[in-house]
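Summarising the annotation, TrEMBL assigns domain 'Nudix hydrolase' to 46-173.
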Amino acid sequence: MNNKKQTPPYGLPPNAKKVFSGLIWDVYQWPQKMFDGTTHTFECLKRVNTAVIIPMVGDKILIQRQLQPHWERELVSLPAGRFDGEEEPLDCAQRELLEETGYVSDNWELFEKGYPYRSMIWERFVFIARDCKKISEQHLDAGERIVLETVSFDKFLNLADHPDWRETGMSILMYQCRLYPEKRRALEEKLFNKI
């Protein structure tokens, strides 16, 4: 699997007009002819792509408990962030890991990539960072408070039940690993490079 950006399985038609431009989100609308001949207004959101990192520290997974000024409570997540400009996916993942955790890795693998929602043009890259080492303090944005924690593989899988778990894109796989021993074994081998 390469870590290059891909074309979404759907896109904006040539007649789509940007009706809102925000700091993170842009909104597009267009008239869409329906199967019965009527026309309806369709919408699509577009945002900057993101990278998510599964950091492996020895036999543990590094997670974070994060609070931002507009959140009512702390959320549990993996390190992640938006691309800066034309940044490549792996460059974004490496930068975000260092900024949010102070850790680095020389052993990266693209785990998955895709467009999580049909109504959004937003590509999400998930990387495994093995053999992570702490080299500096965190360099957090003014609106971030992040507390780091290392957890076992079992505790990581159980985070899918946590009401504040933010990585919902991974929750289905986490549940599958809890139900099916072969799925669990495959993910454990992948994360810990036991293949």
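Think of each number as a place in line: the chain as shown, counted from 1.
Heads up, the Cβ atoms here are built off N, Cα and C, so glycines get one too.
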As a test of reading the model: what is the averaged pLDDT for the domain 'Nudix hydrolase' (46-173)?
95
The domain 'Nudix hydrolase' (46-173), counted residue by residue under DSSP: helix, strand, coil:
28 helix, 53 strand, 47 coil
